[in-house]
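> Residues or ranges marked as active site by Swiss-Prot: HIS84, HIS109. Annotation source Swiss-Prot lists substrate binding site at TYR49, ASN130, citing similarity to another entry.
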Amino acid sequence: MSQSLTSSVETDSKTGSSKAISFQDYLDLSALDWARLRAILAPTLYVDYTKIGKEKWDAMSADDFMAMVSNDDFLGDPCVKTQHLIGATYWERVSESKVIGHHQLRAAHQVYTSPDLKTVKLRGHSHATNEHYYVKSSGVWKFAGLKPEVRWNEYKFEEVFKGSYTQSEKQS
């Protein structure tokens, strides 16, 4: 299977899915490689955060999605480090060009006291399942949205995106 997301990705004939986009999706998100993440996004994404107490967007533009996830109030915060690990997965083929990936997920987060990343201020980890939506465009699978459902959180997960250095700076 090709690991390149800029060319056509080999797909499973039964599910129409691509493991490469799912793996790369999380690799890029955890590494905060914004350019690579942007390259695998569909033009429009379905983003449903209602089961975690947030909003739902039926048609969020890729640019708006990138602005949201890379913002200092979220994953773009230089004091927040994260790693998203995928566990068990199954694929649901909706059509020739649409697939839903059902993923078991653990997202580990650490917030540091400053951007030098020397002192950990707090930790917060989440255990969840996640529906990921994929669409095939010109023979290439693109990430087209997500719908997480948290099972439980560890430590101070609720404070991860509120407790960082940059958030303290904004409140001063």
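Just so it is clear, glycine is given a Cβ too, placed from its N, Cα and C backbone atoms.
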> In the structure shown, which of the active-site residues HIS84, HIS109 has the fewest other Cβ atoms within 10 Å?
HIS84
> Rounded to an integer, what is the Cα-Cα distance in Å between HIS109 (active site) and HIS84 (active site)?
9
> Using the alpha carbons only, what distance in Å do you get between ASN130 (substrate binding site) and HIS84 (active site) once rounded?
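Given the Cα positions, ASN130 (substrate binding site) is 11 Å from HIS84 (active site).
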> I need the CA-to-CA distance for TYR49 (substrate binding site) versus HIS84 (active site), whole Å please.
17
> Here are the binding-site residues: TYR49, ASN130. Which has the lowest count of other Cβ atoms within 10 Å?
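Taking TYR49, ASN130 as the binding-site residues, the minimal 10 Å Cβ count falls on TYR49.
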> What does DSSP call ASN130 (substrate binding site) in the simple three-state scheme?
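DSSP call for ASN130 (substrate binding site): strand.
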